Each structure stands twice: as C-alpha cells, then as structure tokens.
Amino acid sequence: MAENSILCSVSSLILSIFILFCCLFGHCNSVEQLGGYDTFTISSFKYPETQIRPFDMRYIRVDLPPWFSSMSIALKSSVNLDIKSAEKVPKSVLPMICFRDGSLPLPDVSSTSLEVALSNRSLDGKQVLQNMEQCYPVPRNMTMKLTNEQISARVLYFGLFNGVGPTRTQSKMIVRNRAYSFAANISVEGCTTPTMQGQYCNQTIELLSCARSGNSSGNGSVSGFFNQSMVLCRNNFETSCHGDGEMKIYSFEILRITESLTISVQNLRLRPLDSIGNSSRIYLMCFARYGAMPLATLHDYSGDLNQSPLVIRFPKVGQWYVSILAFHLAKEIGGALSNVSKVCYSLEVQELECPLGKAGPNCSSERYMLQTVLRKYSTPFESYYLPDGGDVISDAANFHLGPLLSNYSVGGLDTWTYFLLDVPRGAAGGNLHVRLTSDRKMNYEIYARNGGLPSLINWDYYYVNKTSSSGDSVFFVLYNSSDEKVDFYILYVKEGIWNIALRHLNSTGDISDGQTTMSISLERCPKRCSYHGACKSALDASGLTSYRNHGGFDCSIEIVSHQGHLWQSIALIASNAAAVLPAFWALRQKAFAEWVVYTVSGISSGLYHACDVGTWCVLSFGVLQFMDFWLSFMAVVSTFIYLTTIDEVFKRAIHTAVAILTALMAITKATRSSNIILVMGIGAFGLLVGWLIEFSTKYRSLSCSMDLCLNRLERWPRREWLQNLVNTVMKRFRWGFVLAGFIALAMAAISWNLESSQSYWIWHSVWHVAIYSSSFFFLCSKVITINSGNRTPTDANYQLTQQDSLSQGA
C-alpha cells in the first residue's frame, strides 16, 4: 500500500514522540471522564449454550455500522486447555476460534497462522487487531471490547471450530472425538448524534460539505485523455481553529470510484500571530483512515499538510476520516516560548472521478460493470458475471476480451482494463473463480481489490505469472496455470464491490491477436470439490455422510491412497461374511425368523459399506444406513430372545416391540455409543421376560388347586427349590460357548470404543466379525431341554411341553 511518510529528520523524531504523548494523554482524559454519554444499543445478541461436535463449526456475524462506538464480546466455553496443553493437542481435534473481516474465516488453508497463534500466551483485543485473519485455541473465558478507534465499520465474522485441517472437510462415517459447548454475548453500542463519535461518543466529528465542481481536463498535450469530474469537500474556516497539540477530526464519504483523493489546507494562519510570524514552522499533521477514526498510532495514510498535500491514489468507496494535529515546532526544540494559541486553516478535499465507463490514470482505461447471472439448479448465490449485454459462449460463463480491452496506453507500455462486480450480502463463504484462456502465450497481469481500483501498488490479490502471484496469501489458490491459461480462486471472498484489473503488457502491437476468453464466477466449492466429493454445507439428518478418501477445503488432499482405499473397502465389506455363522446355525435349528434377521443384516451391512466407501450404492445412502443399524440392533436382540423357550406367540409379540424400539434408535442418532448399552439392555430384558413367561406358563400348566399348590410349596424346602433352579439353568446352556460368546461380545465393545476417524475401517471390521461370532457362540450355547415328567423332548426353539398335573398326582 502506498503511504506518504513523515520526514526523516531529528525534528521528525521529536514530532513522533510528541504526537504519541498527546494521544496517550488525550486517551487518559477520555477514560477518566466516564458517564453521561449519549449512546444506545444498536444490537445485542445472546448465543445460547451450543454444542460443537467433532469437525463441526459455528459462524457468528456482527455488523458494525458507521455510527457504532464499541463492540463487546463475552464468551464462555467448556474447553479447559492452557497454552502448554494446547501445543500438545493435535490440530485435528483442537478447539479453535478464528476472526476475519468481511467474510468467513477458513482455518484449514493456513498452518502458519495456527503456529503463530499457539505461540501467544493469551487472547485479547490487541492480538485480534494485529492478526485479524488468525486462529487461536478456544479459551475457557474471554472478554473483549473493541472501539471505533480500534476497528473500522465493517462486517466481522467469528468462527468456532472443533478440529481443523484437511480431515475436517473429509466425509466420515463415524466420529468419536469429543464435543465442546460455548455460549456468547455480543453487543454493539452506537452514538445517537452523527457528529459525536468515539468509544464514549465524546469526540466531535465535523462533516465536510461536498459539491461537484465541474470537469477537470487531462494534460492537453496528450491526446486521448478524458474529462474528469471533481468533487470538492470543504470545512467552515471559522470553526477550523484549534490549539497547539489539539486534534480535530473530519469526515466525508466517497460515493463513486475515484482516481485520486487529495487532502490539502488553505489560508493557514496563527491566532494571535507568532512572535516570529513564520507559519512554515507549524507542523500540521494529517492522518487519514478508511472506515474508522484515525489516530497517530493507527491510520492508513499520513503526511504534513504544511509541507505538501496528502495524495491517496485509488481510494476505497465509503466513509473516510481525517484527523488534523497541529503544533509549533519552536515550542518543542528549546526555543523561546511562542504566544501561539490557535492554528486556523481551511481544509480542502478533492475527489477526482472519471466519467462513466472510464477508470485508471487520467481516466484513459475502459471500465465495465459486470452483470450477475445466477446459475440454474445450484446452491444459493452461485453465479457468474458477464459484461452487460455480453453473449454466453455455449453454456459456459466465458466472454471474449478482445472487444473489451482498452486501446490506449501511457507511453506505449501497457493498458489497463477494469471489471467491477458485486458479491452480495450473504454470499460470504463463496469463492471467486477467475480464469483466462488463450490460444497463444498471454501477456496479461491480473490485480483484484475490494472496494477500490487496483494498481501496481494497491491490490488485495494479484497474478503476474506462475512464480509471481499472491501465493503467500492463504485465501489465494492457483490451479493449473500456464503461459496459455490462468486459473485461480479467491477463497471465501469478502462481500461488496470487487474490482478486477487486467494489465496488458506491450500493447503497442495488435491487442486483438489471439483469441482470449475470460470467465469470472462465484462458486460454493472450489474446483467443484476437485471431482472427489460433493459440495455440502451441512451433514445429513443422521449426522453422517459418505466416506471418502480426500479432504481439504477443495477435496484435493489425498488422505487415503488408492491402495489403502482398496484395502479399506475389502475389509469393511468382506468382514460382514461373518454373518454366515449365526445364519447357518439358526437355519440348522429351524429358527427361520433368526435366520432371516442374520442373513439380511449381513447383506445390508455389506451393501451399506459398499456405498459408504464409494464403490456402489444400490439404494440411497440414508436407506442403506438405516437398514444396517436397524438390522444390527435386531440381530443382537434376536440372539437373546432365541435363548428362551417360550411359545412362538410370545416371541412374535416381543419381536414386534423390539422392532419398533430399534427402528426408533436407528433413525435417531444411530452412531452414539450409548446405543450399544441400550441394545444389550433391551436384549437382556427380552430374555428376562421370556424366562418369566416360561416360568409362569410351566407352573400354571400344573392345574392344581390353590390348596394343593400351597401344600406342595410348604413341603418343598427353599434350599431344594433354589438348587433345582440352579441345576435347570446349568443344564440349559453349554457354558463353554457362553464364555466364548461373552469374550467375542467384549471384543466387539472394545473395537466399537476404539473407533476413530483414522482407524475406523480397522476396528469396525473387527466389530463385524466379533458381533456375529458372539451371536454364533450364544446360539450354540443353547441345549435341548427335556421335561422330567413325561420324558418327552421339548421344542428347543419355541415351545415348552405342558404337563398334566392331575396325571402327575395320580
């Protein structure tokens, strides 16, 4: 950025020290004089306690209008990490908070910002001001207050992330990392009077009166220059007097694209006159700043107006503030004390504007306002830009540059052509895609800037060639560029008017040589996710998405190699073959209901994981996912019910109730770990209910009278009854298989608990084998129960042989 610097001399050093002392002294006075200021609450927003799941994020937008005075932020979270602990936590699971001006923060593209942030010992407003596009570990408690002397009127975004890096945007089947919660209060205070600003609305702002003063012609000796219009802003001479060391602040607004802004003073005089009578010894320091009040320590441009005007090339459109600080040098360098009490002057601001359709030096370049064309069947705000009335080449968003290029160059060196486009409010998070293609080597340089015209010294992003561009910026990504092609993205582009300038080099030749086309578009996902993923802003209803082997903000980072992806696919799909074991045993025992459950469960799980790894989706992902979890839950519970020997009528009733419960579990948060405990509990409860039904049915079938039953119970010793019960249970199961079943079940629970985003495919494959093996062992543990009364074998699967109590009595 271009800035006018203060003169490098001994007097400059004294001047800087004096300015700093005056600002600090003035700030202390303003803080001490609290209370009674005319402020009001512009907005107050309370963010309730919200949980951020692993790899999830939340964005908060704060609008700061020009009349705001201060912004307060209070944040409280459940994170309990000090800076030493945060350095040891992997970034993929580290809770982070990021700040950015004008658009959403994107922490995944920058590792340097995270390293710098982790080196800081605390997070405060000063750090945020110095590193507006950096991220920090989420603190447990944070309180911050920023004033309009520290930040300009803008749109601020806060992003809270639970883990950053390439894997954050990788679609995952399951996530086991920890979540954290946060709550925030954000309030914005404003000044009720437009002419009073500052943190406490106690700083007077004088609004300059502006009027158009006619046309200003360029250098008449050079043909081709266009007439320029002038907007002149002045203050009231009588009120522009202030004491030695006193600062006065002015404000004005630039409404149109401006070539240059010149700040100067006229009629500089002293009141009363200096004993020396020399006004040239007065330092009239000017500090200019876009969007906020300038200070001696915080400004965009500065200069001594008593020496020369302050010229700002290609200023941004919007509100500007100018502060004037005057003092007499003789009073500071040890000379005789002067009797200067006030410095008076007339402040003049000249805005040099170009006619419509023209821009650049001397308004000699062409300027086009591009028209926004929304894409069909796309996400909101996806669009491309064309010159007004331009033709679309086939279905693409390209337009020819030849007819649009400027045909005039200064000194025959180069020409500039400007394109203006609007990124609408709410489009934050979109990516601006700029592409040039030609059938021969191109001689173009590209410069982009938000809010003002770009130039060789004023730009936000630029591209000269493959080795010279804004590659150091984390929000600039270059793709597949060559001598005949330029292709880059501006990530998470800021809202507002963007100016894209083409600098055509060596334009003394025929600029129409070669066919060069240009396209500018606003896209949600860079490079269409590199054809490795789908553009999604949120997860599906179940909290899961397809498992893929790429990650990063544009899905271009290969997280899993092709060979690794092949092994993962084989493991996750083939491990479901373990369902053959319980299905075979159920079929052998003619337990057809259980056979259907095990068989369909294994098939649906294999189909689900085939879709999950991106091999083949026979049905939609959501349907396959529901079938997999639901039938898995049913298989576990069916194993417990099989171990009972109740009548099939009761089994059908229990199966129906269990099917309803497990379906509800599978449709709502199927992957939560507590579901394992719930399914085991439901199965154990079903087993207990089956035994109770069996017990009640057996003793009801004795059909004895109440007196006879009571007499038998009285004659039957309790110890003998308990011993018979234990013997019955011991004879009901093969306990070696029961032990093997519990070991396999424990292995399944351990593998479920060990699953993570990186090791999911290993442990989930182990889960398949272990859970089906445990079902097989439990099925094998059941033995045929023989009734001791009539020695008739019972149906080992569904029925108990009823006994005739009267025949027993006989």
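Glycine residues also receive a Cβ, built from the backbone N, Cα and C atoms like all the rest.
Marked as signal peptide by TrEMBL: 1-30.
The transmembrane segment annotation in TrEMBL covers 629-646 (among others).
What TrEMBL records for 653-670 (among others) is transmembrane segment. Residues 542-543, 593, 625-626, 629-630, 633-634, 637-638, 641, 678-679, 682, 686, 689-690 of the same chain lie 6 or more positions beyond the ends of the transmembrane segment (653-670) yet place their CB under 8 Å from a CB of it.
What TrEMBL records for 676-693 (among others) is transmembrane segment. Beyond the transmembrane segment (676-693), the same-chain residues lying 6 or more positions past its ends with a Cβ under 8 Å from any Cβ of the stretch are 633, 636-637, 639-641, 643-647, 650-651, 654, 658, 661-662, 665, 749, 752.
For the transmembrane segment (735-754), the residues of the chain that approach it from at least six positions outside its boundaries are 673, 676, 763-764, 766-767, 770-771, 773-775, 777-778, 780-781, judged by C-beta separation under 8 angstroms. TrEMBL lists 735-754 (among others) with the feature transmembrane segment.
Nonlocal intrachain contacts for the transmembrane segment (760-781), taken as residues 6+ away from its ends with a CB within less than 8 angstroms of a stretch CB, comprise 172-174, 547, 568, 571-572, 575-576, 578-579, 581-582, 585-586, 589, 591, 594, 598, 602, 605, 632, 635-636, 639-640, 642-643, 733-738, 740-742, 744-745, 747-748, 751-752, 754. According to TrEMBL, the feature transmembrane segment maps to 760-781 (among others).
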